[in-house]
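The transmembrane segment annotation in TrEMBL covers A:21-40, A:77-97, A:131-157, A:189-214. Sequence annotations record features per position, and here TrEMBL assigns domain 'Connexin N-terminal' to A:42-75. The domain 'Connexin cysteine-rich' annotation in TrEMBL covers A:145-212.
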Amino acid sequence: MNWAGLYTVLSGVNRHSTAIGRIWLSVIFIFRIMVLVVAAESVWGDEKSAFTCNTQQPGCNSVCYDHFFPVSHIRLWALQLILVTTPALLVAMHVAYQQHQEKKLLVLTGHADPKHMEEVKKHKMRIAGSLWWTYVCSVVFRLLFEAVFMYIFYLLYPGYQMMRLVKCEAYPCPNTVDCFISRPTEKTIFTVFMLVTSSVCIILNMAELVYLVIRACARRGQHHSNPSGKSSFYGHKHSSEYKQNEINQLLTEQDGSLKDMLRRNSGLQEKGDRCSAC
Amino acid sequence: MDWGTLQAVLGGVNKHSTSIGKIWLTVLFIFRIMILVVAAERVWGDEQQDFVCNTLQPGCRNVCYDHFFPISHIRLWALQLIFVSTPALLVAMHVAYTRHEKKRRFRNGEKIDIEELKNEKIHIRGPLWWTYTSSIFFRIVFEAVFMYVFYYMYDGYQMPRLVKCSAWPCPNTVDCFVSRPTEKTTFTIFMLAVSGICMMLNLAELCYLVIKICMKESRKTT
């Protein structure tokens, strides 16, 4: 499992995202993960071996490096990118659950042929109902993780700038010792770059949140004139009334996409029936 | 996520490009990204380790290296290649959006063949023409900006053998020797030449698109 594996997993989520969500995913993969892998990792590659202190005291080098760099930038970015991309899996799990429900509904209504099952897998889910809440939660978590990591970076490495020289007096270093960091300017440039892309991602997430809320309010305004009640769920498990109720419940829970699909396919089936009659 | 994945992502864009765009993409992948990965990275691999200064003063080498190489050539080329190839994704997004609209019309009842929709080549006209032209324009701008950044940072494109450093904590002025300067100069000039070729291909593509649209407009008016 590496970054390419994560890319494969998240590309599947891409289909059910909004347009802003897709742009966000592209920015994450191209401007953050890819830059991390092809450029930043080689900049920080020799951070410990090229960290030099002006002393011959054994152990002083290691202790000072550990004191000034408790967690390396590269590891923090890797953790940040993993945590920030993971909430999208909530959406993937919810979509998989909805697809399972749709397949169950198809079996109950007698449309359980392979063609319809394939169409369930392929059609894009509308972000409505409970999926809307899951999607909004995933966006909120993304924002939260981004903000938390930016704050951790600021705490650990104040000002986001990499110093050329640090003065260290941790035991066993004798008195105060000058220690020199390798490639500080290049590291500062990449830190600022990753900070800027992180901010761009935060802005995209906020825009997506606002878009989802506005869309939901607009939809609620449209549906205000046509309220749809949920059917109750009574009856024995094996009775036809039970089955019909389950179908009704699944139909009202589903978004418009499955209804459209069934409506279209029942239309085709009617044509087929007509033809078989002649 | 590495160069291979970028190639897979951009390979899809290739289908909707002009012939010049396809040549540009090939040049980018073979003469720039591949050269960077298989050759240039090895040349610059030991750039800091083998940067030697004529002093025993601890820290002087680090500081002098940082002073003369604020950002390594390899990283600048990696960033340049990422920025230059990304505008093509604007075109990919526009094509995906056009296809999505056609699928929506199919779902609403219009008769469109789904299989044909997936394989049809989308012609570069209308709003797609503007997206495509903008992407070429951005490519040209990014190439020019990076070529200027290289020139500004390294005072020309040649790698010196010796640099004289007097940054603290180096005592007085110290001679520092750069590793493999001739090989680095060779590769810098090679990457510069290929960058120039890519820029010319982009300019040619821009002219081709503009001429094509002018001819179409003049045919419509006559």
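Quick reminder: no glycine exception, Cβ is built from N, Cα and C everywhere.
Outside the transmembrane segment (A:77-97), and at least 6 residues removed from its termini, the chain residues within Cβ reach (under 8 Å) are 6, 9-10, 12-13, 16-17, 25, 28, 32-33, 36, 40, 125, 130-131, 134-135, 137-139, 141-142, 145-146, 149, 194, 198, 201. DSSP labels the residues of the domain 'Connexin N-terminal' (A:42-75) in these numbers: 14 helix, 2 strand, 18 coil. With DSSP classes pooled into helix, strand and coil, the tally for the domain 'Connexin cysteine-rich' (A:145-212) is 44 helix, 8 strand, 16 coil. The average pLDDT the prediction assigns to the domain 'Connexin cysteine-rich' (A:145-212) is 92.
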